[in-house]
Structures are given as structure tokens and as C-alpha cells.
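Feature annotation from TrEMBL assigns compositional bias 'Low complexity' to 118-136, 160-177. The compositional bias 'Gly residues' feature in TrEMBL is assigned to 146-159. Sequence annotations record features per position, and here TrEMBL assigns domain 'Yeast cell wall synthesis Kre9/Knh1-like N-terminal' to 22-117. What TrEMBL records for 117-177 is region 'Disordered'. The signal peptide annotation in TrEMBL covers 1-17.
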Amino acid sequence: MFPAVFALAAAFVSVSAISVTSPTATKGWTNSGSNTATWTSVSTDALNFTLLLTKMTDSTYNQVLAALVTTKDGTVTVGAPSSAGGWPAPGSGYRLNLVQDQDHLTTIYAQSEQFNITAPTTPSGSNSAASSASTPAAPPVNPSGAAGGAAGGTAGGAAGASDASPSSSATDTGASPAGTGAALAMGVQTGFVAGAVLLSAMLAF
């Protein structure tokens, strides 16, 4: 009898050497995307196991997440259980069972702590990014337009100066012929007087 008891105790220790390290009561899973389970083991543990998701308040909820998981890997990432149509609704009382295989779901090698499955949280940065995306940016200043405006102003000023300059030249040009005509008339008058004086002198002789 005692050898049988010792053998049973040894088998129990060997099977229970696997210890699930996540998920935990303080760090659970989300019901979106993938989730990761981790554990520790020893060389005497079974080579592989099946990962089962259970719910403590519902004995009929047993969802196989992965089969033939290699024990020495120490971690596995799993997606939503396809047989259940995806992850369950957010809630508490979930637990992972590491069992022998799909045909022996009650042969449990290890169990996780009870944990929560929650909805994923939205990063705070995404709201800021969305806000920035919805705010229209101010139109950029067109350097070529500014340069064009400056050039246009300069050209306009030059054109104005050019327009004023010809009128001044015309005024000066108009005044010049008038002065020349006056000088010519004065010269003719002087010559006429001189001729008259000369003629009077000749008649006197």
C-alpha cells in the first residue's frame, strides 16, 4: 500500500511542476487580437500539452486555444478560439488549464490564477492624432507670390517714374525752341537798326 501511495505522490509532483506565470489575477487578457501565456517547467514534465480556456462560473465553457504546445518553450501566443466564434465578452473568473490533450481535458498539468478578460484600451495618443488630423492646416505662404508682388511693386514704381520723366523732357524741349526764336528775333532787330544807322550816315555825306 505504501509503495503505491509514494508512487502516486511522485506522479503528482512530476505533473504539477509546471507553473503558469501569466496571465495572472492582476494582469489578464483582452478580448481582441492575440494573447500570450507563459509558464515554467522542469525536464521531467510532459513534452507537450493542450491549452484550455475555462470559466469558473460556467463549467460548460471549455475552449481549446492550442494543442500540442511544446512544454519547454515556456510561452505561446494564441488567437481567439474559433469554435466559440471569438473571444468571450469582458468578464472575470477565467482560468487556463494545461491539460494532457483534447481527449483528456480533465488530466490537468497546471492551472493559471483566475484572471479577467477586458476590452482593449485605446492609446491616448490616438485621440490626439485624430484631433490633429481633423484640424485643417494653415495654407503655406507662396514665396514666389511674395517675390512677384515685390517685383510688381518695384516695376510699377519704375514705370511711374518713367512716365513722369518724358513729360518733364517734353516740357524742357518745348521751352528750348521758344528761347531760340526770341534770340533770333532780337538778332534780326539789331541788324535792322544797324543797317538803318549806316544808311543815314551815307546819305549825310
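Just so you know, glycine gets a Cβ as well, placed from its N, Cα and C.
All TrEMBL annotations are machine predictions without curation.
Shown for the domain 'Yeast cell wall synthesis Kre9/Knh1-like N-terminal' (22-117): DSSP residue counts in helix, strand and coil, namely 6 helix, 56 strand, 34 coil. Averaged across the domain 'Yeast cell wall synthesis Kre9/Knh1-like N-terminal' (22-117), the predicted model reaches a pLDDT of 96.
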